[in-house]
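Report on the structure given below.
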Amino acid sequence: MSGNCGRGENCQFLHSWCRGDGFSMLARLVEEEHDGEKKSISGIGYPAGSDKLYSATSGGVVRAWDCHTGLLAGTANVSDYKIGCLISDGDWVFVGYPNGVKAWNFKLGVYHDLTSSNGQVNALEFGLDALYAGAEDGAILVWKGFADQQANPQFQQPATSLRGHGSAVTCLRASINGDLYRRLYSGSMDGTIKVWDLNTEECIQTLKAHDGAVTSVICWNTALVSCSLDKKVKFWGCAEDDSDDISLLYTHEEESAAVALGGMNDSEGKPVLFCSWSNSSVGLYELPTLEERGRIYSQKEVRAIRSGPDGLFFTGDANGVVSVWKWAKADAA
């Protein structure tokens, strides 16, 4: 990865962190070893308007990175156990761990422990003044009361829970369009994706999506994208109203298990899908053709992908490294 090699193109080893045009690595933020072992990145958060990037590790630690210097700006020991996920919304950072969620406002220095008895929290999503948490026992816990991102909201037990999955919930994604179309998509170890109407809090459709655990779901305009340990990425069509059920459009398959999804528009406004694979690479695909635009390489598999402003995106791997990437500006014609 550094220095010169006399073998040139004939060398069997990797000489670059990526291949492809239009994007480049800006920085690598390396987690310190804990008890002699590097912990996997389990989530990345970049609150809107913040100058801090947040990362969580499976070892129970959340770190804040200064976006101007790339240096570590703060550390919080959230749990003595595994952190399953991290998301951010406004000034809040939400962290899922066994039997609970920590809602942390780093700006104000306040936090809340939201407790449950449902096992490891693997997925979090925020929407409609509520926090949704996908748990190990198959339940989706719902905490309400985050109106206007209050500095010190009060929470007791979850307001309700959405039940239907037969195994652990692994991923969540909300899609909201006005008052009528308010959906939550949940993926599970049972291979299904459930569609929840957030107005009624009822499951309105179950997709027999994959032959293995669903590892990630994202929404893109009128499409739902899912991936799985069955080595497939699937694209589903859905209208943003109550008129049509979701149907499968097409499937993309590779030789490795799919781990995580992300996406954003490149410097020219073209949509690009990110998918990390168990072979320690991330494929970048142009939509809707799925033509490969490039590939990112890592020492271990990438388990977290996060898009940011101004062409930035972030990847976090199982070796404790958060990499910062940026789309280059297109050259003038």
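Each Cβ is built from the backbone N, Cα and C atoms, and glycine gets one as well.
The stretch that TrEMBL tags with zinc finger, taken from the ranges 1-18, 109-126, 163-180, 307-324, is 1-18. Residue counts for the repeat 'WD' (162-206) under DSSP (helix as H, G, I; strand as E, B; rest coil) come to 0 helix, 28 strand, 17 coil.
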